Amino acid sequence: GVGFKAGVKDYRLTYYTPEYKTKDTDILAAFRMTPQPGVPAEERGAAVAAESSTGTWTTVQTDGLTSLDRYKGRCYDIEPVAGEENQYIAYVAYPLDLFEEGSVTNMLTSIVGNVFGFKALRALXXEDLRIPPAYSKTFIGPPHGIQVERDKLNKYGRPLLGCTIKPKLGLSAKNYGRAVYECLRGGLDFTKDDENVNSQPFMRWRDRFLFVAEALFKSQAETGEIKGHYLNATAGTCEEMMKRAVFARELGVPIVMHDYLTGGFTANTSLAFYCRDNGLLLHIHRAMHAVIDRPRNHGIHFRVLAKALRMSGGDHIHAGTVVGKLEGEREVTLGFVDLLRDDYIEKDRSRGIYFTQDWVSMPGVLPVASGGIHVWHMPALTEIFGDDSVLQFGGGTLGHPWGNAPGAVANRVALEACVQARNEGRDLAREGNEIIREASK
(Lines of atoms letter the chains of each structure in order from A and count residues from 1; the text may use other names and numbers.)
(Lines give C-alpha, C1' and ligand atoms only; values in the text may rest on other atoms or scores of the structure.)
Protein backbone atom coordinates (compact mmCIF):
# COMPACT_ATOMS: atom_id res chain seq x y z
CA GLY A 1 0.00 0.00 0.00
CA VAL A 2 0.94 3.68 -0.23
CA GLY A 3 2.79 5.30 2.67
CA PHE A 4 0.42 8.27 2.90
CA LYS A 5 -2.68 9.75 1.29
CA ALA A 6 -2.19 12.86 -0.83
CA GLY A 7 -4.84 15.57 -1.02
CA VAL A 8 -6.13 18.57 0.89
CA LYS A 9 -6.92 17.74 4.49
CA ASP A 10 -8.48 19.31 7.55
CA TYR A 11 -5.95 21.13 9.71
CA ARG A 12 -7.96 20.63 12.87
CA LEU A 13 -7.30 16.90 12.88
CA THR A 14 -3.65 17.61 13.68
CA TYR A 15 -3.32 21.16 14.93
CA TYR A 16 -6.38 21.81 17.12
CA THR A 17 -5.53 20.27 20.50
CA PRO A 18 -7.75 21.66 23.26
CA GLU A 19 -6.43 19.06 25.71
CA TYR A 20 -2.81 20.27 25.33
CA LYS A 21 -1.09 21.50 28.50
CA THR A 22 1.31 24.31 27.61
CA LYS A 23 4.96 23.87 28.57
CA ASP A 24 7.10 26.44 30.40
CA THR A 25 9.41 26.50 27.39
CA ASP A 26 6.70 27.10 24.77
CA ILE A 27 6.33 30.44 23.07
CA LEU A 28 2.64 31.29 23.35
CA ALA A 29 0.78 33.59 20.97
CA ALA A 30 -2.68 35.15 21.09
CA PHE A 31 -4.18 35.91 17.67
CA ARG A 32 -7.35 37.90 17.01
CA MET A 33 -8.98 36.06 14.09
CA THR A 34 -11.75 37.27 11.83
CA PRO A 35 -12.63 34.18 9.72
CA GLN A 36 -14.42 34.31 6.38
CA PRO A 37 -18.08 33.41 6.95
CA GLY A 38 -18.94 29.72 6.95
CA VAL A 39 -15.58 28.48 8.19
CA PRO A 40 -15.56 26.91 11.67
CA ALA A 41 -13.33 28.77 14.13
CA GLU A 42 -11.49 25.61 15.23
CA GLU A 43 -10.41 24.92 11.66
CA ARG A 44 -9.15 28.51 11.32
CA GLY A 45 -7.27 28.46 14.61
CA ALA A 46 -5.67 25.16 13.64
CA ALA A 47 -4.76 26.59 10.24
CA VAL A 48 -2.99 29.52 11.88
CA ALA A 49 -1.04 27.15 14.12
CA ALA A 50 -0.13 24.92 11.18
CA GLU A 51 0.92 27.60 8.70
CA SER A 52 3.13 29.36 11.25
CA SER A 53 4.89 26.11 12.23
CA THR A 54 5.21 22.77 10.41
CA GLY A 55 2.12 22.54 8.22
CA THR A 56 1.48 23.07 4.56
CA TRP A 57 -1.78 22.65 2.67
CA THR A 58 -1.34 18.96 1.98
CA THR A 59 0.38 15.90 3.42
CA VAL A 60 3.87 15.63 1.98
CA GLN A 61 6.14 12.61 1.73
CA THR A 62 8.80 14.21 3.94
CA ASP A 63 6.35 14.49 6.86
CA GLY A 64 7.25 10.86 7.48
CA LEU A 65 10.87 11.81 8.14
CA THR A 66 10.17 14.03 11.13
CA SER A 67 8.20 14.00 14.34
CA LEU A 68 5.28 16.36 13.79
CA ASP A 69 4.20 15.90 17.37
CA ARG A 70 7.48 17.31 18.53
CA TYR A 71 7.64 20.31 16.22
CA LYS A 72 4.11 21.40 15.44
CA GLY A 73 2.43 24.57 16.66
CA ARG A 74 -0.81 23.77 18.48
CA CYS A 75 -3.98 25.79 18.75
CA TYR A 76 -4.89 24.93 22.35
CA ASP A 77 -7.75 27.34 23.03
CA ILE A 78 -10.26 29.50 21.18
CA GLU A 79 -12.54 32.07 22.71
CA PRO A 80 -15.06 34.38 21.03
CA VAL A 81 -14.30 38.10 21.42
CA ALA A 82 -16.98 39.73 23.58
CA GLY A 83 -19.10 42.23 21.69
CA GLU A 84 -17.72 41.27 18.27
CA GLU A 85 -19.62 39.12 15.82
CA ASN A 86 -17.48 36.47 14.17
CA GLN A 87 -14.20 37.28 15.91
CA TYR A 88 -12.12 34.92 18.04
CA ILE A 89 -8.94 34.86 20.06
CA ALA A 90 -6.91 31.81 19.08
CA TYR A 91 -4.16 30.71 21.47
CA VAL A 92 -1.24 28.93 19.85
CA ALA A 93 1.71 27.19 21.54
CA TYR A 94 5.00 26.83 19.64
CA PRO A 95 7.74 24.43 20.76
CA LEU A 96 11.00 26.22 21.56
CA ASP A 97 12.96 24.19 18.99
CA LEU A 98 11.22 26.00 16.12
CA PHE A 99 13.21 29.18 16.76
CA GLU A 100 16.82 30.26 16.29
CA GLU A 101 18.43 31.46 19.52
CA GLY A 102 18.96 35.19 19.86
CA SER A 103 17.13 36.09 16.64
CA VAL A 104 14.08 38.33 16.87
CA THR A 105 14.12 38.26 13.07
CA ASN A 106 13.61 34.50 13.00
CA MET A 107 10.99 34.59 15.77
CA LEU A 108 8.85 37.08 13.84
CA THR A 109 9.40 35.36 10.50
CA SER A 110 8.13 32.13 12.03
CA ILE A 111 5.17 33.50 13.93
CA VAL A 112 3.87 36.24 11.64
CA GLY A 113 5.79 35.57 8.43
CA ASN A 114 3.32 33.80 6.20
CA VAL A 115 0.01 33.23 7.83
CA PHE A 116 -1.33 36.80 7.56
CA GLY A 117 -2.11 36.47 3.86
CA PHE A 118 -4.29 33.45 4.49
CA LYS A 119 -7.41 33.36 2.26
CA ALA A 120 -9.66 31.69 4.82
CA LEU A 121 -9.19 34.62 7.21
CA ARG A 122 -10.59 38.05 6.60
CA ALA A 123 -8.11 39.50 9.10
CA LEU A 124 -5.57 38.40 11.69
CA UNK A 125 -3.85 40.32 14.44
CA UNK A 126 -1.05 39.08 16.77
CA GLU A 127 -2.21 40.51 20.09
CA ASP A 128 0.48 39.19 22.43
CA LEU A 129 3.38 36.76 22.78
CA ARG A 130 4.60 35.00 25.90
CA ILE A 131 8.39 34.77 25.70
CA PRO A 132 9.63 31.96 27.96
CA PRO A 133 12.82 32.53 30.02
CA ALA A 134 14.45 29.66 28.13
CA TYR A 135 14.20 31.79 24.98
CA SER A 136 14.66 35.31 26.38
CA LYS A 137 17.92 34.22 28.01
CA THR A 138 19.41 33.78 24.52
CA PHE A 139 19.14 37.57 23.93
CA ILE A 140 21.28 40.34 25.43
CA GLY A 141 18.30 42.69 25.50
CA PRO A 142 18.80 46.40 26.20
CA PRO A 143 22.47 47.47 26.07
CA HIS A 144 22.26 49.02 29.56
CA GLY A 145 18.76 49.34 30.98
CA ILE A 146 17.11 51.83 33.29
CA GLN A 147 19.28 51.55 36.39
CA VAL A 148 22.60 51.66 34.56
CA GLU A 149 21.40 54.64 32.52
CA ARG A 150 20.50 56.60 35.66
CA ASP A 151 23.92 55.81 37.12
CA LYS A 152 25.70 56.90 33.93
CA LEU A 153 23.72 60.16 33.78
CA ASN A 154 23.62 60.72 37.54
CA LYS A 155 19.92 61.63 37.36
CA TYR A 156 17.50 60.12 39.88
CA GLY A 157 13.98 60.43 41.17
CA ARG A 158 12.37 62.11 38.20
CA PRO A 159 11.51 61.53 34.54
CA LEU A 160 14.13 62.66 32.01
CA LEU A 161 13.41 65.52 29.61
CA GLY A 162 14.03 65.51 25.88
CA CYS A 163 13.32 67.59 22.81
CA THR A 164 13.32 66.79 19.11
CA ILE A 165 15.15 69.49 17.16
CA LYS A 166 12.81 71.18 14.65
CA PRO A 167 12.51 72.06 11.81
CA LYS A 168 13.59 68.52 11.31
CA LEU A 169 14.76 68.95 7.72
CA GLY A 170 16.66 71.90 6.29
CA LEU A 171 18.86 73.27 9.08
CA SER A 172 22.60 73.42 8.48
CA ALA A 173 24.77 71.43 10.88
CA LYS A 174 25.99 74.53 12.70
CA ASN A 175 22.50 75.96 13.27
CA TYR A 176 21.33 72.52 14.32
CA GLY A 177 24.10 72.34 16.92
CA ARG A 178 23.12 75.77 18.14
CA ALA A 179 19.53 74.67 18.78
CA VAL A 180 20.86 71.62 20.64
CA TYR A 181 23.05 73.82 22.83
CA GLU A 182 20.21 76.21 23.70
CA CYS A 183 17.86 73.42 24.76
CA LEU A 184 20.45 71.59 26.86
CA ARG A 185 21.73 74.80 28.40
CA GLY A 186 18.16 75.69 29.36
CA GLY A 187 17.73 72.52 31.40
CA LEU A 188 16.82 69.55 29.22
CA ASP A 189 18.65 66.24 29.67
CA PHE A 190 18.50 65.20 26.02
CA THR A 191 17.87 66.53 22.57
CA LYS A 192 17.06 64.31 19.62
CA ASP A 193 17.62 63.86 15.94
CA ASP A 194 14.31 63.45 14.18
CA GLU A 195 13.75 59.91 12.94
CA ASN A 196 14.18 60.97 9.31
CA VAL A 197 17.37 62.95 9.88
CA ASN A 198 20.00 60.53 8.55
CA SER A 199 22.51 62.02 6.13
CA GLN A 200 20.89 64.28 3.57
CA PRO A 201 22.38 66.81 1.13
CA PHE A 202 21.66 69.81 3.37
CA MET A 203 23.30 68.21 6.41
CA ARG A 204 25.67 65.27 6.18
CA TRP A 205 25.85 63.03 9.24
CA ARG A 206 29.49 63.69 10.09
CA ASP A 207 29.04 67.46 10.22
CA ARG A 208 25.99 67.09 12.41
CA PHE A 209 27.76 64.74 14.79
CA LEU A 210 30.67 67.17 15.20
CA PHE A 211 28.60 70.28 15.87
CA VAL A 212 26.27 68.39 18.21
CA ALA A 213 29.20 67.03 20.21
CA GLU A 214 30.50 70.58 20.61
CA ALA A 215 27.07 71.71 21.84
CA LEU A 216 26.96 68.80 24.31
CA PHE A 217 30.31 69.50 25.91
CA LYS A 218 29.71 73.25 26.10
CA SER A 219 26.31 72.84 27.81
CA GLN A 220 27.74 70.17 30.12
CA ALA A 221 30.56 72.46 31.24
CA GLU A 222 28.14 75.31 31.91
CA THR A 223 25.44 73.38 33.78
CA GLY A 224 27.48 70.75 35.61
CA GLU A 225 25.00 68.12 34.41
CA ILE A 226 25.52 65.24 32.01
CA LYS A 227 23.84 65.95 28.67
CA GLY A 228 23.00 63.79 25.68
CA HIS A 229 21.76 64.07 22.12
CA TYR A 230 20.33 61.05 20.29
CA LEU A 231 22.57 60.93 17.24
CA ASN A 232 20.63 58.97 14.64
CA ALA A 233 22.89 56.24 13.29
CA THR A 234 20.21 54.76 11.00
CA ALA A 235 21.62 54.32 7.49
CA GLY A 236 21.10 52.55 4.20
CA THR A 237 23.42 49.65 5.06
CA CYS A 238 24.41 47.97 8.31
CA GLU A 239 28.06 48.81 7.65
CA GLU A 240 27.27 52.51 7.31
CA MET A 241 25.15 52.39 10.48
CA MET A 242 28.03 50.88 12.44
CA LYS A 243 30.43 53.46 11.01
CA ARG A 244 28.23 56.23 12.42
CA ALA A 245 27.97 54.55 15.81
CA VAL A 246 31.76 54.15 15.93
CA PHE A 247 32.25 57.84 15.15
CA ALA A 248 29.79 58.78 17.91
CA ARG A 249 31.81 56.69 20.35
CA GLU A 250 35.05 58.35 19.21
CA LEU A 251 33.51 61.76 19.90
CA GLY A 252 32.75 60.59 23.43
CA VAL A 253 28.99 61.23 23.34
CA PRO A 254 26.73 59.15 25.62
CA ILE A 255 23.91 58.00 23.32
CA VAL A 256 23.00 57.09 19.75
CA MET A 257 19.68 56.38 18.11
CA HIS A 258 18.13 53.89 15.68
CA ASP A 259 14.84 53.51 13.79
CA TYR A 260 14.30 49.85 14.60
CA LEU A 261 11.39 48.98 12.33
CA THR A 262 12.61 50.67 9.15
CA GLY A 263 16.21 49.70 9.94
CA GLY A 264 15.18 46.14 10.74
CA PHE A 265 15.70 43.83 13.72
CA THR A 266 18.93 42.31 12.44
CA ALA A 267 20.59 45.72 12.15
CA ASN A 268 19.11 46.77 15.48
CA THR A 269 20.48 43.76 17.35
CA SER A 270 23.97 44.32 15.88
CA LEU A 271 23.85 47.94 17.00
CA ALA A 272 22.66 46.95 20.49
CA PHE A 273 25.65 44.60 20.87
CA TYR A 274 28.00 47.39 19.82
CA CYS A 275 26.37 49.83 22.25
CA ARG A 276 26.72 47.42 25.16
CA ASP A 277 30.36 46.71 24.35
CA ASN A 278 31.20 50.39 24.02
CA GLY A 279 29.16 52.07 26.74
CA LEU A 280 26.74 53.87 24.42
CA LEU A 281 23.09 54.20 25.37
CA LEU A 282 20.65 53.34 22.56
CA HIS A 283 17.52 55.37 21.87
CA ILE A 284 14.93 53.63 19.68
CA HIS A 285 12.36 55.32 17.48
CA ARG A 286 9.40 53.33 16.18
CA ALA A 287 8.92 54.96 12.76
CA MET A 288 6.53 52.80 10.66
CA HIS A 289 4.86 51.21 13.69
CA ALA A 290 1.40 52.54 12.81
CA VAL A 291 1.52 50.78 9.45
CA ILE A 292 1.78 47.52 11.40
CA ASP A 293 -0.18 48.19 14.59
CA ARG A 294 -2.86 50.76 13.78
CA PRO A 295 -5.55 48.49 12.28
CA ARG A 296 -7.36 46.89 15.20
CA ASN A 297 -8.24 43.64 13.48
CA HIS A 298 -5.17 43.06 11.35
CA GLY A 299 -1.44 43.35 11.92
CA ILE A 300 0.71 43.16 15.05
CA HIS A 301 -0.18 44.98 18.25
CA PHE A 302 2.47 47.39 19.50
CA ARG A 303 2.87 45.39 22.72
CA VAL A 304 4.36 42.61 20.58
CA LEU A 305 6.68 45.04 18.78
CA ALA A 306 7.67 46.41 22.20
CA LYS A 307 8.55 42.96 23.57
CA ALA A 308 10.50 42.26 20.38
CA LEU A 309 12.47 45.48 20.89
CA ARG A 310 13.28 44.64 24.51
CA MET A 311 14.74 41.36 23.27
CA SER A 312 16.59 42.90 20.31
CA GLY A 313 17.94 45.74 22.44
CA GLY A 314 17.27 49.41 23.13
CA ASP A 315 17.41 51.65 26.21
CA HIS A 316 14.60 54.06 25.24
CA ILE A 317 11.60 53.48 23.01
CA HIS A 318 8.76 55.75 21.92
CA ALA A 319 5.53 54.51 23.44
CA GLY A 320 2.78 57.04 22.74
CA THR A 321 1.63 59.77 25.12
CA VAL A 322 -1.74 58.66 26.57
CA VAL A 323 -2.62 62.30 27.27
CA GLY A 324 -5.91 63.38 25.81
CA LYS A 325 -6.69 59.93 24.44
CA LEU A 326 -9.56 57.68 25.54
CA GLU A 327 -9.43 56.00 28.95
CA GLY A 328 -9.27 52.50 27.46
CA GLU A 329 -6.23 53.51 25.46
CA ARG A 330 -4.59 54.63 28.66
CA GLU A 331 -4.84 51.20 30.27
CA VAL A 332 -3.56 49.42 27.18
CA THR A 333 -0.64 51.85 26.82
CA LEU A 334 0.30 51.44 30.48
CA GLY A 335 0.15 47.68 29.90
CA PHE A 336 2.92 47.72 27.33
CA VAL A 337 4.83 50.42 29.22
CA ASP A 338 5.00 47.95 32.12
CA LEU A 339 6.01 45.16 29.73
CA LEU A 340 8.93 47.37 28.67
CA ARG A 341 10.29 48.35 32.06
CA ASP A 342 9.12 45.86 34.71
CA ASP A 343 10.60 42.45 35.44
CA TYR A 344 7.39 40.48 36.04
CA ILE A 345 4.03 41.43 34.55
CA GLU A 346 0.83 39.61 35.50
CA LYS A 347 -1.71 38.61 32.88
CA ASP A 348 -4.42 41.29 32.81
CA ARG A 349 -6.89 41.31 29.95
CA SER A 350 -8.23 44.77 30.84
CA ARG A 351 -4.77 46.13 29.97
CA GLY A 352 -4.43 43.93 26.89
CA ILE A 353 -1.93 41.61 28.56
CA TYR A 354 -2.86 38.08 27.50
CA PHE A 355 -0.03 36.23 29.24
CA THR A 356 2.00 36.60 32.41
CA GLN A 357 5.48 37.66 31.28
CA ASP A 358 8.58 36.97 33.37
CA TRP A 359 11.66 38.72 31.97
CA VAL A 360 14.01 37.05 34.49
CA SER A 361 16.02 40.23 35.12
CA MET A 362 16.52 41.29 31.50
CA PRO A 363 17.20 45.06 31.70
CA GLY A 364 14.21 47.36 31.21
CA VAL A 365 13.54 49.98 28.53
CA LEU A 366 12.57 53.58 29.33
CA PRO A 367 9.29 54.50 27.61
CA VAL A 368 9.43 57.82 25.76
CA ALA A 369 6.32 60.00 25.65
CA SER A 370 6.56 62.17 22.57
CA GLY A 371 4.29 63.87 20.08
CA GLY A 372 2.04 66.87 20.59
CA ILE A 373 2.69 67.29 24.32
CA HIS A 374 3.55 70.56 26.05
CA VAL A 375 4.15 72.02 29.47
CA TRP A 376 0.47 71.94 30.56
CA HIS A 377 0.48 68.16 30.12
CA MET A 378 3.32 67.82 32.62
CA PRO A 379 1.21 66.96 35.71
CA ALA A 380 -0.68 64.24 33.84
CA LEU A 381 2.49 62.82 32.29
CA THR A 382 4.31 62.74 35.62
CA GLU A 383 1.40 60.89 37.16
CA ILE A 384 0.79 58.43 34.34
CA PHE A 385 4.37 57.49 33.47
CA GLY A 386 6.05 57.89 36.85
CA ASP A 387 9.78 58.49 37.23
CA ASP A 388 11.05 55.89 34.79
CA SER A 389 10.26 57.65 31.54
CA VAL A 390 11.52 60.24 29.09
CA LEU A 391 9.17 63.13 28.33
CA GLN A 392 9.86 64.71 24.96
CA PHE A 393 8.60 68.10 23.92
CA GLY A 394 9.60 69.17 20.39
CA GLY A 395 7.34 72.04 19.42
CA GLY A 396 6.57 72.25 23.14
CA THR A 397 10.13 73.52 23.71
CA LEU A 398 11.13 75.22 20.46
CA GLY A 399 7.71 76.83 20.10
CA HIS A 400 8.19 79.02 23.17
CA PRO A 401 7.53 82.67 22.23
CA TRP A 402 10.84 83.76 23.80
CA GLY A 403 12.96 81.10 22.10
CA ASN A 404 14.53 77.69 22.61
CA ALA A 405 16.38 78.14 25.90
CA PRO A 406 13.38 79.70 27.73
CA GLY A 407 11.24 76.85 26.34
CA ALA A 408 13.66 74.36 27.87
CA VAL A 409 13.69 76.27 31.17
CA ALA A 410 9.88 76.21 31.25
CA ASN A 411 9.79 72.44 30.81
CA ARG A 412 12.44 71.77 33.45
CA VAL A 413 10.79 74.11 35.98
CA ALA A 414 7.39 72.51 35.36
CA LEU A 415 8.80 69.00 35.75
CA GLU A 416 10.62 69.77 39.00
CA ALA A 417 7.45 71.43 40.35
CA CYS A 418 5.29 68.41 39.49
CA VAL A 419 7.74 65.93 41.01
CA GLN A 420 7.99 68.00 44.18
CA ALA A 421 4.21 68.39 44.43
CA ARG A 422 3.76 64.65 43.97
CA ASN A 423 6.37 63.89 46.62
CA GLU A 424 4.55 66.24 49.00
CA GLY A 425 1.39 64.23 48.44
CA ARG A 426 -0.54 66.73 46.32
CA ASP A 427 -3.08 65.48 43.78
CA LEU A 428 -1.57 66.16 40.35
CA ALA A 429 -4.74 65.30 38.48
CA ARG A 430 -6.77 67.90 40.38
CA GLU A 431 -4.22 70.60 41.12
CA GLY A 432 -2.01 70.25 38.05
CA ASN A 433 -2.74 73.60 36.42
CA GLU A 434 -2.37 75.38 39.74
CA ILE A 435 1.03 73.76 40.32
CA ILE A 436 2.25 74.86 36.87
CA ARG A 437 0.95 78.40 37.41
CA GLU A 438 2.77 78.71 40.74
CA ALA A 439 5.97 77.36 39.22
CA SER A 440 5.87 79.76 36.29
CA LYS A 441 6.17 82.79 38.56
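Glycine residues also receive a Cβ, built from the backbone N, Cα and C atoms like all the rest.
Features of the protein shown, as given by Swiss-Prot:
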MOD_RES   LYS5  N6,N6,N6-trimethyllysine
BINDING   ASN114, THR164, LYS168, ARG286, HIS318, SER370  substrate binding site
ACT_SITE  LYS166  active site, proton acceptor
BINDING   LYS192, ASP194, GLU195  Mg(2+) binding site
MOD_RES   LYS192  N6-carboxylysine
ACT_SITE  HIS285  active site, proton acceptor
SITE      LYS325  site 'Transition state stabilizer'
Site extent for substrate (largest Cα pair distance over ASN114, THR164, LYS168, ARG286, HIS318, SER370, Å): 37
Within 10 angstroms of GLU195 (Mg(2+) binding site), Cα basis - recorded positions out of ASN114, THR164, LYS166, ARG286: THR164, ARG286
Other C-beta atoms that fall within 10 angstroms of the C-beta of GLU195 (Mg(2+) binding site): 22
Cβ-Cβ distance under 8 Å to LYS166 (active site, proton acceptor), same chain, at least six residues away: ASP194, GLY394, GLY395, LEU398
Mg(2+) site shell beyond LYS192, ASP194, GLU195, criterion: Cβ within 8 Å of Cβ centroid: THR164, ILE165, LYS168, ASP193, ASN196, VAL197, TYR230, ASN232, MET257, HIS285
Alpha-carbon spacing, ARG286 (substrate binding site) to LYS192 (Mg(2+) binding site), which is rounded to whole Å: 14
Cβ neighbours within the same chain of HIS285 (active site, proton acceptor) - under 8 Å, at least six residues apart: GLU195, ASN232, MET257, HIS258, ASP259, TYR260, ILE317, HIS318
Nonlocal neighbours by CB distance (under 8 Å) for THR164 (substrate binding site), same chain, sequence gap 6 or more: THR191, LYS192, ASP193, ASP194, SER370, GLN392, GLY394
Binding-site residues listed as LYS168, LYS192, ARG286, HIS318, least Cβ neighbours within 10 Å: LYS168
